[in-house]
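Working notes, beginning with the structure itself.
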Amino acid sequence: MSRDLFTSESVSEGHPDKIADQISDAVLDAILKQDKKARVACETYVKTGMVMVGGEITTDAWVDIEEITRNTVRNIGYTSSEMGFDADSCAILNVIGKQSPDINQGVDRSDPREQGAGDQGLMFGYATNETDVFMPAPITYAHHLVKRQAKVRKNKTLPWLRPDAKSQVTFAYDHGKIVGIDAVVLSTQHSEDIKQEDLVEAVMEEIIKPVLPAEWLSERTKYFINPTGRFVIGGPVGDCGLTGRKIIVDTYGGSARHGGGAFSGKDPSKVDRSAAYAARYVAKNIVAAGLADRCEIQVSYAIGVAEPTSISVETFGTEKVKKDLIIQLIREHFDLRPYGLIEMLNLIQPIYQSTAAYGHFGRNEFPWEALDKVEALKAGAF
């Protein structure tokens, strides 16, 4: 048996970069609740005792940036200086400006269907049938591990846990099929008073075993739990955090290509975000319809232009119909113009803060995960 290994990582909601992402998206959500036509590009920087919120925002809404920031940090769990960051005492700097009118004139149109892209760029969407959520297994289970860490921290099952954590899972494949998990890494911030051996046992029993399927674990599986032996200093004290620095964690864990644009803090007129969601929607429906076992979609745009400059499909030799037919079906059933995809996926709603931790894809509560095009694609293909 040949064994190919593939690894993906995730980070918890208390990781500094994810704190920044969640603040940026919390600001976006608050504005969208009041102004559906707002233009938002909100960036956040966090470091010891300080949060700086900046970017370009054009809106008629008024939101309390300080209150939004403190509530977000508090809900993550940073509530005392003992753990290195305190929602109630950190300094908050607001350096937000307005979006350039040069961009506005290229995006806004009298006919909204002709709305231009907010920038040039290329975006990818991906799906695979190796999990029931049509996502690669390594990133899926890496997310599950850090999500479980947050759960047992917040419900006090493991009260000595702190918000910052990272996971990494290496899967073994034989000719593209999962045959096991080769390695698991989980590093979690903790209080001073927990012994390393007690931490290792508790993490194994309360986080790893409840999450990872037993049939994929064996005596060959390697476990690395807090491998440095100590992780007391974490969060923004340990590292500064910036919006948009976890773009592979946010997407497919390296299993698919990435156009380079981050998501958090951007309203749906920014195709970096909305077109990446639409490309995932297209790829997932193609795989769910049985047109391919794996599918990667690339779309590209020019600033101020409505129609995509390109649509391409990669199926890695797993297609069940010709790729030309798949592209034809995409053009028939999916409107990938900026306004079209916003309408198609109902993107102008305050749903974005919850995307900002544990991945933007493979979570069925989001509209771009719907499988409502499957029957139409089947009818057109077979």
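Yeah, the Cβs are placed from backbone N, Cα and C, and that goes for glycine too.
Since we're looking at a predicted model, the values are computed, not measured.
Per Swiss-Prot, the feature ATP binding site maps to HIS15, ASP164, ALA165, LYS166, ARG230, PHE231, ASP239, ARG245, LYS246, ALA262, LYS266; the stated evidence is sequence analysis. Of all the Cβ atoms in the protein chains shown, 15 others lie within 10 Å of the Cβ of ASP239 (ATP binding site).
Note: ASP17 (Mg(2+) binding site) has non-local neighbours VAL11, GLY241, LEU242, THR243, ARG245, LYS246, i.e. same-chain residues 6+ apart with C-beta under 8 A of its own C-beta. Residues or ranges marked as Mg(2+) binding site by Swiss-Prot: ASP17.
Look at GLU43 (K(+) binding site): DSSP puts it in a strand. Here Swiss-Prot flags GLU43 as K(+) binding site, drawing on sequence analysis.
Under DSSP, GLU56 (L-methionine binding site) is assigned to a strand (E or B) in the three-state scheme. According to Swiss-Prot, the L-methionine binding site annotation covers GLU56, GLN99, ASP239, LYS270.
Feature annotation from Swiss-Prot assigns region 'Flexible loop' to 99-109; the stated evidence is sequence analysis.
Under the DSSP three-state reduction, ALA165 (ATP binding site) is assigned to strand.
The Cβ of GLU43 (K(+) binding site) lies under 8 Å from the Cβ of ALA20, SER24, VAL53, GLY54, GLY55, LEU242, THR243, GLY244, GLY265, each of these being in the same chain and 6 or more residues away along the sequence. Annotation note: LYS266 (ATP binding site) sits in a strand segment as assigned by DSSP.
Looking only at the region 'Flexible loop' (99-109), the predicted model's pLDDT averages out at 59.
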